[in-house]
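Undergrad: Annotations per Swiss-Prot:
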type	residues	note
BINDING	CYS63, CYS66, CYS69, CYS112	[4Fe-4S] cluster 1 binding site
BINDING	CYS73, CYS102, CYS105, CYS108	[4Fe-4S] cluster 2 binding site
DOMAIN	53-83	domain '4Fe-4S ferredoxin-type 1'
DOMAIN	93-122	domain '4Fe-4S ferredoxin-type 2'
Amino acid sequence: MNSIRNFFKTFLLVELVKGLMVTGRYFFARKITVQFPEEKTPISPRFRGLHAQRRYANGEERCIACKLCEAVCPAMAISIESEQREDGTRRTSRYDIDLTKCIFCGFCEEACPVDAIVETHIFEYHGEKRGDLYYTKPMLLAIGDKYEAEIAANKAADAKYR
């Protein structure tokens with residue numbers, strides 16, 4: 001009896017028809033493709049994109065050169081050099097992030113005691129050469145200055161979860 005059933009399943013191509021029914025169901029279903037450059041999907045408030053360095057309201061940079069972000073970075077993408085000022089405080093003389101190494105884990109942002117380094121919502125950046133993805137301190141400060149309002153709003157919205 002089993003051999004007769006297997007013969008009819010094979011002869012009538014039951015498995016093929018079942019597969020085509022599944023394909024047909026998805027063929028006529030509503031499409032969910034997003035046409036990327038024109039349409040954009042919403043971004044989570046906790047999205048980790050391009051890095052930025054922040055300043056205080058008086059214009060002074062926030063980074064105190066504690067080097068916690070450099071120490072906690074698992075990809076070793078951050079390199080910092082610091083120097084003493086005349087008033088005895090320590091500030092960065094060089095702060096570089098190599099985005100070809102960075103894995104955007106957010107550890108640097110979590111480790112920073114003064115919220116100097118943050119990750120923005122910017123994900124549309126590119127480089128023609130490898131060196132274009134090597135961000136220096138002036139570049140990071142410029143990004144922070146440009147997007148400070150958005151960064152502050154995201155920090156305030158996320159404050160109760162930190």
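Including glycine, each Cβ sits where the backbone N, Cα and C put it.
Note that the coordinates shown come from a computational prediction; the quantities given were computed from them, not determined experimentally.
Can you walk me through where each of these features ends up in the structure?
TA: Annotation note: CYS112 ([4Fe-4S] cluster 1 binding site) sits in a coil segment as assigned by DSSP. Within its own chain, CYS112 ([4Fe-4S] cluster 1 binding site) has LEU68, CYS69 as residues 6 or more apart in sequence whose C-beta sits under 8 angstroms from its own.
In three-state terms derived from DSSP, CYS73 ([4Fe-4S] cluster 2 binding site) belongs to neither a helical nor a strand segment and is classed as coil.
Here the domain '4Fe-4S ferredoxin-type 1' (53-83) is broken down by DSSP into helix, strand and coil counts: 5 helix, 9 strand, 17 coil.
Mean per-residue pLDDT, taken over the domain '4Fe-4S ferredoxin-type 2' (93-122), amounts to 95.
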Undergrad: Other residues with Cβ within 8 Å of the Cβ centroid of CYS63, CYS66, CYS69, CYS112 at the [4Fe-4S] cluster 1 site?
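TA: Not counting the recorded site residues, we get ILE64, ALA65, LYS67, LEU68, GLU70, ILE80, CYS108, ALA111, PRO113, VAL114, ALA116, ILE117.
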Undergrad: Give me the sequence-ordered set of same-chain residues, not including CYS73, CYS102, CYS105, CYS108, with a C-beta within 8 angstroms of the centroid of the [4Fe-4S] cluster 2 site's C-beta atoms.
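TA: Nearby residues not in the site list: CYS69, VAL72, PRO74, ALA75, ALA77, ILE78, ILE97, ILE103, PHE104, GLY106, PHE107.
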Undergrad: For a quick check of packing: other C-beta atoms within 10 Å of the C-beta of CYS102 ([4Fe-4S] cluster 2 binding site), how many?
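TA: A count of 21.
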Undergrad: Name the residue among the binding-site residues CYS63, CYS73, CYS108 whose Cβ has the smallest number of other Cβ atoms within 10 Å.
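TA: With the binding-site residues CYS63, CYS73, CYS108, fewest surrounding Cβ atoms within 10 Å: CYS73.
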Undergrad: If you count Cβ atoms within 10 Å of each one, which of the binding-site residues CYS66, CYS69, CYS105 comes out on top?
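TA: Per the Cβ count, the most surrounded site is CYS69.
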Undergrad: Please report how many Å separate the Cα atom of CYS108 ([4Fe-4S] cluster 2 binding site) from that of CYS66 ([4Fe-4S] cluster 1 binding site), as a whole number.
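TA: Between the alpha carbons of CYS108 ([4Fe-4S] cluster 2 binding site) and CYS66 ([4Fe-4S] cluster 1 binding site) there are 12 Å.
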